[in-house]
Amino acid sequence: MQCPHCHHNSSRVVDSRPTDGGRAIRRRRECENCGFRFTTFERVEQTPLLVIKKNGTREEFNREKILKGLIRAAEKRPVTMEQMQSIVDSVENQLRAIGENEVSSQAIGEFVMSKLADVDDVAYIRFASVYRQFKDMSVFMQELQDMMKKEKTKK
């Protein structure tokens, strides 16, 4: 495995353990050249999942795009990387469980928001504001009110 730090082609596995309910293997590696430690994940390769974007174009599903959006939404919030990875895993599992090779970006956004709402309200609102592209303050306020109603019914 190539080192992300020095790009040397040799590393050794320091630790290896199952993760994601046994569907993946997490490996902790150390570069034999510079000693840099990094983590890799090994998963079974799935059939490609295509995302139908709002403009009708299609692109391959990319877990990293969701993770980057979550990281941005959860900035300076008490949301761990593990929680965000878990959301991405859960969303991907939901998409694959549907059994379709193509899924709309809208469906992906809704899945992400439903999971994020259970983790952190502020991160949810941040994600929703970008995803739903609120046009004005009234739409934003309506989303907050809807969220507050759901919160009251939980208690």
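Placement of Cβ uses the backbone N, Cα and C atoms for every residue, glycine included.
Under the heading region 'Disordered', Swiss-Prot lists 1-21. Per Swiss-Prot, compositional bias 'Basic residues' is recorded for 1-10. What Swiss-Prot lists as zinc finger is 3-34, and the listing cites sequence analysis. The feature domain 'ATP-cone' is assigned by Swiss-Prot to 49-139, with sequence analysis given as support.
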Task: Residues of the parent chain within Cβ reach of the region 'Disordered' (1-21), under 8 Å, 6 or more residues beyond its termini - done: 27-34, 36-38, 40-41, 43, 89
TODO: Mind looking up the mean pLDDT for the domain 'ATP-cone' (49-139) in the predicted model?
DONE: 91
Task: the zinc finger (3-34), counted residue by residue under DSSP: helix, strand, coil - done: 3 helix, 17 strand, 12 coil
